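These come from TrEMBL:
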type     : residues : note
COMPBIAS : 319-340  : compositional bias 'Polar residues'
COMPBIAS : 347-362  : compositional bias 'Pro residues'
DOMAIN   : 44-274   : domain 'Rhodopsin'
REGION   : 308-386  : region 'Disordered'
TRANSMEM : 20-38    : transmembrane segment
TRANSMEM : 59-81    : transmembrane segment
TRANSMEM : 101-124  : transmembrane segment
TRANSMEM : 136-158  : transmembrane segment
TRANSMEM : 178-201  : transmembrane segment
TRANSMEM : 213-234  : transmembrane segment
TRANSMEM : 254-272  : transmembrane segment
Amino acid sequence: MCDIQPEQKNALISAQNHGTLLLMVAWSLASLLVIAAITRAVARCRSERLRRLPWIDDVIIFVAFCCAIGSTVINTIAVTLGFGMARCLLSDDAVEMIELMLFISTILFVVTVSITKTGALVFLYRLAETVKQRAIVIVMGTLVLLWIIGITVGMVFQCELPMPWNIWNGTCIPLIPFWMTLIIVDAALDTAIFILCTYSVWRLDESYLQRTLGTLLLSPMLILVAASIVRVIYLEPAFDRDADPTLKSIPYVITTQGQTTLAVFIVCILCLKQWPYSRPLKPTSRHSRRWSGTTIDATLYESYNSYKSSSPMVKGPLPSTQSSMLATKSSMGSLKNNALSDKPAPRRSPIPPPRPPPPPESQRPDLSLFYKRTSIRRPPVGYVVR
């Protein structure tokens, strides 16, 4: 079975060597990843909106990009060592080095996926409008953190120390149930994040076309779920020691590499779309909003001084001042009418409130000075009327 036929000696892909397939797919995805990173960097420099985004977006994308490219390089080294060839064509030292390279590649995959999930949660936290939505995002972040801790501890202790990467020749835990559980949890987290992102986008005060476009941009998250399902299908041949894993694990590694690249694409899309991130938290209780004639279009509990300080002060002759004030009031009125057209009017009670009782006499002001009194003066003594 290990005899190479003469016509297959110079073939890149043969029945006993599939490593070239991994190289072709990995570097094609890496090229697309470089294009996506450059596009995002150019958009960041040319867009005024993206320039004001916090630096954490750049850190997330940079670290995820470096890990994805590093995973491609490590897989290339593994193929150079003989990964993708039949086990009978490799020496024990080569198999051990291939196991080490795949272990490092898996670590980079976990770091990349974890960082991209963090970027998606940051995106959700910015779109959260209520305390309840932010609490849900925090719970999702806690679940992602537990998944990261579980997969890290499992990888460290999956095989006998000090060589936890010796998955094909060492003494290990049941690897197939372990990795199957982690992959299923990963797919569930990706599904939940996609649902939350779609729900947050459709709650935005945007047009139907904008929200539909946002949903289409988030749809690659479903491909991540499909990639996890494919990894579950090819999981058993990759970890089965009796099934020639160095040859049969190529589909599993190709799917993992594609999932890594797609995760970086998604985090680039989330940081590239110009959604209105900074939004004030809205109260969840219906009793916390106070409607009145002067605060219906203003922030809650906004004072009159804020309007007075924000209004421009016009100085000049009286006719020009009056004309400018009339123009300002008309423009403000039109803006207010446009803003109020999208908001529901407050409900008014058909029964007017009762009139307060009149104040007592002791609390009323003294208005006697304003009353006209008629008085007749007596003439002075000694005055003679003629």
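Even glycines carry a Cβ here, placed using N, Cα and C.
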Number of helical, extended and coil residues in the compositional bias 'Pro residues' (347-362), per DSSP: 2 helix, 0 strand, 14 coil
Interface-richest range of 20-38, 178-201, 254-272 toward the transmembrane segment (213-234), CB pairs under 8 Å: 178-201
Interface present between the transmembrane segment (101-124) and the transmembrane segment (178-201) (three or more C-beta pairs under 8 A): yes
Surrounding residues of the transmembrane segment (20-38) on its own chain - C-beta under 8 Å, 6+ positions past either end: 12-13, 61, 65, 68-69, 72, 75-76, 79, 83-84, 250, 253-254, 257-258, 261, 264-265, 268
Same-chain residue ranges lying at least 6 outside the transmembrane segment (101-124) that approach it to Cβ under 8 Å: 56-57, 60-61, 63-64, 67-68, 70-71, 74-75, 77-78, 81, 83, 133, 137, 140-141, 144, 148, 151-152, 155, 164-165, 167, 186, 189-190, 193, 196-197, 200, 221, 249, 253, 256, 259-260, 263-264, 266-267, 270-271
